[in-house]
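Asks: Okay, here's the structure, questions in a sec.
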Amino acid sequence: MFAWNTNKLSQRAFLACRGLVKHQMCLSQVRLMSSKPEIKNDWTKEEVAEIYNRPLINLIFDAASVHRKFHNPREVQQATLLSIKTGGCIETCSYCSQSSSWSKDTKMKAEKLLELDDVFQAALDAKAAGSSRFCMGAAWRGPSQVGPKQFERVLDMVSKVRSLGMEVCTTLGMLTEDQAKQLKHAGLSCYNHNLDTSREYYSEITSSRTYDDRLDTLQKVRDAGISVCSGGIIGMGEKELDRVGLLHMLATLPEHPESVPINALVPVEGTPLAKKDIKGPTGLEMVRCVATARIIMPKSMVRLSAGRMDLSIAEQALCFMAGANSIFAGDKLLTTPNAERDSDAEMFTALGLLNKPAFNGEEEPFEIPPTREESIRRREEWQALKNVSASGKGCEAIKTSA
Ligand code: SF4
C-alpha cells in the first residue's frame, strides 16, 4: 500500500500506479461508451416492465447513455402534421374529435380533401420554417372508403412534397397491399399507424376495428418497403401495465418501427374520453415512457408528439435527455393546439438543441421520382405490370423479356 509520506521513489511509484488505474478506467469507460447495445426484438414483457419501473433518475441516465450511442443527443427533428381531410370519420376512436359518431358534441364538421396546391404550399411553408418532415393525416377508415380519385390526389401530394427533399409521412387509416405499394411508388418515406395502447386495453378505445387490423396494416406498410411510424397515447385511462404492453408490442414487431410517437391525450370537448374526465399523465410519466422506448428501440426516432403544450421546458428537456429526438412544430396538430414555433425556437436555443435534417442529412434512402410526371408514369407502369400478372400472363411476359 502506498502512502504520501514515503520516500520519493515510492511516491513516484504510487503516482504512476494511480495514473495507470485512472488510464485503465478511462479505457474501460471508452469501451463501454463505444459498444452499442444489440438491437433486440425478443423482449419479454417482464424485461420491459423492469426497465419501465427503474428508479426514474437511473432510467433517465440509462436511456441517455443508449441515446448517445445511436444518435446525436443535441439533434431534434421538427416535423409538421397537416390535416388534409378533417372530420366525418366513420371510425370510433374515443379520443378523437374527428369521428362522425360524436360530431354533434364536438361540433366538428366534415370537410373535403384539401387541394394539391394548398397542401404543397403548406409543405413549402413548413420547410421554410424549419421542418424536415411533413406528415399528412386524413380522417378516413382507409383509402378504400373514399375511392380512387381522392387517393390519387393523395399520391400526387406525396410525390410533390417529396420533391422538396422532405421526409413525407401519411396517416390514412387501414391500407390494402396495393395501396401501400402505390404510396411507396409515389415516394412515401413513412406511414403512420399508431397502436394507441396495449392489446388488452384496445377495446376500451374503439370498437370499429381490432388490434390485429392495426398490426395487419403495419405489416403491409413494411412489406411495401415503406418505413413504419407507430406509437401510442398516454393518459386514456390505461394502467401502467398497458403502457408497458404497448411498448413491448412495438419493440417485439419483426422490425422496430423507425419512428415511435409518444403522445399525451389532449382531451377534446365532446369526445367520449374527455367526458370521462381522466387525469392526464404528468411530465415525468411522459419521460418514463420516452426513456423506456429509447432503451428497447435504440435506433428508432422517438417523437414527443401531442400534449407537449402541457410540459414545461424542463420536462421537455428531460424527455430529450431520455431519448426523444423529434417534435411536431407549428401551432396545430391535426385539430388540436400545439406549441408555437417561436416558443420552440426559444427552447432550442435555451437547451442548445440543433435541428435534425431530413434522412439524417445522408443520401435519401429511396430513389424518389424527380417530377410529378415521372411519379405518375412509374405508378402507371407498376399498375400495368400488376394487371398483366393478374391476367395470368405475368410468367409469359417475364419469359419474353428474359
Ligand atoms: S383517430 Fe383517425 S381513424 Fe380514429 S376516428 Fe380519428 S380520424 Fe378516424
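Glycine is treated like the rest: Cβ placed from N, Cα and C.
Quick paste of what TrEMBL says about this protein:
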- C89, C93, C96: [4Fe-4S] cluster binding site (BINDING)
- C135, C169, C229, R303: [2Fe-2S] cluster binding site (BINDING)
- 74-308: domain 'Radical SAM core' (DOMAIN)
Asks: By the count of other Cβ atoms within 10 Å, pick out the sparsest of the binding-site residues C89, C135, C229.
Replies: C89
Asks: Does any of C93, C96, C135, C169 have a Cβ within less than 6 Å of an atom of ligand 1? These are the binding-site residues; tell me which, or none.
Replies: C93, C96
Asks: Can you give me the residues near the recorded [2Fe-2S] cluster site, meaning same chain, not C135, C169, C229, R303 themselves, Cβ no more than 8 Å from the center of the site's Cβ atoms?
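Replies: Apart from C135, C169, C229, R303, the close residues are A79, L81, R133, T171, C190, N192, S259, P261.
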Asks: Suppose the [4Fe-4S] cluster site is C89, C93, C96. Which further residues of the same chain have a Cβ inside 8 angstroms of that site's Cβ centroid?
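Replies: Along the chain, the qualifying residues are E91, T92, Y95, S97, Q98, S99, A139, T206.
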Asks: With every protein chain in view, how many other Cβ atoms are within 10 Å of the Cβ of C169 ([2Fe-2S] cluster binding site)?
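Replies: Excluding its own Cβ, the number within 10 Å is 23.
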Asks: Between R303 ([2Fe-2S] cluster binding site) and C96 ([4Fe-4S] cluster binding site), what C-alpha distance do you get in Å?
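Replies: R303 ([2Fe-2S] cluster binding site) to C96 ([4Fe-4S] cluster binding site), Cα-Cα distance: 19 Å.
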Asks: Just how many other Cβ atoms lie inside 10 Å of the Cβ on C96 ([4Fe-4S] cluster binding site)?
Replies: 25
